[in-house]
Each structure stands twice: as C-alpha cells, then as structure tokens.
C-alpha cells in the first residue's frame, strides 16, 4: 500500500533551505510514529510530497489514522501506483477502480501531471471523463460540486489512482519550533492550548500543579498522555508534577482574600519559569482567555506576567468558552475535561478584577518563598511514555455516606474564611475544623479511634483528600454528602 503525504501550504511558501528542513523533520516524525505499526515501512521525501510505503495490509487503517494526526500534514492520499501505456490505458484503469463508486452519482475528473507526455492534463480529464460517462449509464458529468471527484496523478510512466483523500491537522511539524512548557490542569482550556502549540510545531512539555492529591494527578496525567500519544508521539516529552498544596496553604493563611487568585497565578508562573529554565524551555503556555475569570483581565494578566522574564503564550486569549469546548470535542479531550474536578478551597469569595501592583507585592511580602523553592526542587519529573503504565494503577475508592454512626465525626476541610462565612452545623454529630491544606501534616494528630467524615461544599475536594489519606494508610476516612 502507498500513501502520498501533501504538505501544509505554509511549508511550501518557505525559502528553499527552510522548506527542505521542515520536510526532513516531518519525514523523521512520520517514521517515529509509524515504526510502531510496521518496522519495514519506507518513508521517502520529495520536494512537494512525502511517500509512505508499507507491506502489512492489516495495518492500513491504523497507519492512515496515525498520519491524519501528525502536525505538518495537510492531507493524505491513499493511492494505487500502476504503470500505463497511453491515455486509453489510463481510462481503463480508472474505470476498473471507480465504476462502483460512480454509479448513480455526478462526477468530474481532475488530473495532475508531471513529466513529458504527448497529452496534456486537460486532455486526460476529457478523455477519461467522457469514457466513464459513456460506460457508466447511471453516472453523469458535473464540473461544479459533483458527488464524486475522480483524482488521478500521472508521473512519467506511472499512474496514481487515488483511492481516498483524508484531511490532516495541518500546522508545522513538531520540532521545527522551540520547546514550550504547558501549564496543564486537565480542563478544557489547557488541553486545547497544548494541542494548538503542538500543531504549530512545538514540542510541548507539561507542568501540573497538584492541589488535590494523587487522584487528581492521575487524571491530569491521563490527559497529557492522551494529547502526546495522539498528536505528539514523534518526540519524547516531560511531565513535571509540583505538589502545590503547601503553597496554597501559605496563600490562604497569609494573603488577603481578594488578592488570592492573582497571587496564586503569580506563584505558578514563578514555579513554571524555574522548571522551564532548568530544562532549557523557551516559553510557557496557558489556557487563559480574556475576561473568562477574574484573574484573566488585562490588568491581572499583566501583573501575572511581571513575575517572570519567560515568554507566556496564550493561544486562546480571544476565544469564547463555546469555541474552546468545540475544539476540545474535536481533539478528544472533552470527556476528560468534563470529569476533571474543580477545587472549592482555592476560590476567593470576592476576587479582584483589577489588582494593584503595590498591594499584590505587599501581600507577597508575607509569603514564605522558601516553600515555593522547596516544592519546585521536589517536583516529580517523568518521561511521558511511562505514564501509560502508571495511570493503570487502581485508585482505592472511598465510601460516601449521607448519615453517621456513634463513632463518626464530620471533618470540615474548607478554608478558614469559608468556614467563618458559612459555619457547618449538623445536629447529632460533632464537627471538627481542619482546612484541606493542613490534612497531610495534621490529620495524624486527630483521634484515630474515630471515623472521620470529610466534607466540603462541592464534594470534590473532600473525596480527593479522603483518597489521599487512604493512600497514606488511614482507613478511618469517608466522604460526607448529606
């Protein structure tokens, strides 16, 4: 079987040296992706296309599907390459190939020709089109918007019968641009922004700020691995996980409620910039869209950018949510994003939309930056190829209850401000306060003869924290959902 790879049009308008470099990189990317399907596969580059030849017919659909997801490819032609003698021979081969497909349909013939011949492309179109129209009674010629377009390519003494055309994702081949680090949360925005930079030719590494224990990290790892495996598996990339719970805890204790969102984003950018510098990455990528949330106003985005010299790319800055969700659906990350948790403990009640630099800096003076340095230093860096095995590990489920027994105590894990604003009172059971960001260090000090029912407003943080505690060996935890 044979496939003809057509280049993304922006590649074809580059200078000769740049075009050749892009084609060489794309050829290497195709080999890296397809070698898993057929090790004997041949990839041959030409000036205006790339040929892929494979012997294992059983892998035809898998190879075709993989090619449609490699950045830099405009479309793929699945072809049958046969010799021919003259124009009538071309017609006979076209009739054998397309007869069933054209029955009862309108059609036209389009021919591309390379080499020296006694006929022109238009003459072949007329001869083959007339012959098909004469020999297939139910078919008729229609030159504009036909049901079927018969594509033929003539090159020297070879005829390419095009059996199918399949659209690629376009863009530039990965590796033609420099590396970037995507701040991935597993939601709609970060997944789509990561894809957009891969499509533009960047090798995308991933940085995840863990606010909810191992379960959340497993979910985000699955998203990152999916994106890499589907669109970027030609290159090795890193997945860096930073335990940001200590940083969030420090912010919740030391920073004014209205400034928390901007300060948290500034801390994330500081941490990600350190990671990017460590690995020689040139830019950060975020999924921020202008005005989508309080921290994404122009004033706040500028303050967030000010904490680092690292370039921050925001490919979704002018997109609305509906457009982003549609893109997530197209690339296959919608289902991941819909089930990814949001954290009730990290949201300000009255976030500022126009933060003042002096006030933000004054709030940050109370912050212990050694905590930030420590979490970056202890960041977990893994090769994304290892994630497939790691994400298969089973996560222990935690029981959810709506009632309580005589040995049960409700543990309110919301932030202190949330608890002060809306105290939890449940008749017939004790309620103890312990903010979620202190659970990892303080839960062991509680009475372990009791069964602790974790509770938060949305029920997501409580479940994840209960799973985290179970992983630490605490079996006396459940989730309370009245």
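Using N, Cα and C of the backbone, Cβ positions are placed for all residues, glycine too.
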Look at the ATP binding annotation in Swiss-Prot, where 183, 184, 265, 287 are given, and name the residue from 177, 296 listed for that site too. 296
In Å, rounded, how far does the Cα of residue 296 (ATP binding site) sit from the Cα of residue 456 (active site, cysteine persulfide intermediate)? 26
Calculate the distance in Å between the alpha carbons (Cα) of residue 456 (active site, cysteine persulfide intermediate) and residue 184 (ATP binding site), and round it to a whole number. 24
All chains considered, the count of other Cβ atoms within 10 Å of the Cβ of residue 296 (ATP binding site) is 21
Cβ distance under 8 Å to residue 183 (ATP binding site), same chain, sequence separation 6 or more: which residues? 190, 207, 208, 209, 268, 272, 284, 285, 286, 287
Restricting to the same chain and to sequence separations of six or more, state which residues have a Cβ under 8 Å from that of residue 265 (ATP binding site). 295, 300, 304
Binding residues 183, 184, 265, 287, 296 (ATP) - maximum C-alpha distance in whole Å: 16
